[in-house]
Amino acid sequence: MGNKGNLILLWAMLVGVVAMAREHRLFERTKGISGLEKIIIRDGHGRSFELYGGQVTSWKNEKGEELIFMSRKAIFKPPKAIRGGIPILFPQYSNTGPLPSHGFARNRFWKVEAPPPPLPSSHHSSGALIDLILTSSQDDLKIWPHKFIYRLRVALGHRGDLTLTSRVGNTDVKPFNCTFALHPYFSISDISQIQVEGLHGLDYLDQQKNRTRFTDHDKAITFNSQVSSSFNSLMLYLNSPNKIRIVDHKKKKTIVVHKEGQADADYDNAICSGVESMGVSDLGDEDYMRFVAVESAAVKKPIILKPGQEWKGVLQVSVVPLS
């Protein structure tokens, strides 16, 4: 090998070392609560996100401000679901089918996929990202007899936005259908200072009234903090727009929720003081004041996949100053 060949080899080795160092800087595995593995991803501007399994449990901006809500009483003991963050509801949304409510993906251990297959996307990442994978286990097949592969990419954008790209593939020999949602708990100043915009004029199913269908005539959804202790608002909006805004007047900021591949939207806020009586023992008494959840979902029209087919859904969230 001549000098030119040696230089090329040396350059390739140098690029590899730099790439490994960069990955180590952005990607950290550590022990979290209850000894569970926690993954921390950081960019070069002080922004970060954290995951337990496939569930985002933290998202911080460059000032270190937490943008995701976690319950003070969240339980980190599988198979118990973690209250807060961004749970993945798959392959069943709520109690719309025979499985336990919200399916099983949020309760499973995910693996880091390296290297992942190519992901054509219009969303530009800062390079602070991770690719995870979940495949059907024998236990899963006993309760949901369909083989699948779920790929999840979580990435920070150059401006600090957080993007979750879900890809569900049918690896079985027969078709299947499923429902799906991402349930982000957003951290807010005070529930009485919040309004949700972008759902005016849409039909919705009231989950508290046996999914009776209504039409929303209000320009924005607001929450009254002085409500009955047994009140829990949870509405599934049908054929919702791809962009929904959560305005926090006290913090003077707007959370922008952008979704693709998911026609429905759901918002909820468990407004109660005696949460034990509602069976929400992992939610603190005053926690309801500090979060609002706006889901992106595919429920009314289930996802149908033939063998070998793949579905893709994107959730992108960002925080901008209130204009």
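Cβ coordinates are placed from backbone N, Cα and C, and glycine is handled just like the others.
Just so you know, TrEMBL annotations never went through curation; they're auto-generated.
According to TrEMBL, the features are:
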type	residues	note
SIGNAL	1-21	signal peptide
ACT_SITE	His183	active site
ACT_SITE	Glu295	active site
Around the Cβ of Glu295 (active site), the count of other Cβ atoms that are within 10 Å: 28
Length of the line joining the Cα atoms of His183 (active site) and Glu295 (active site), in Å: 5
Cβ packing number for His183 (active site), 10 Å threshold: 22
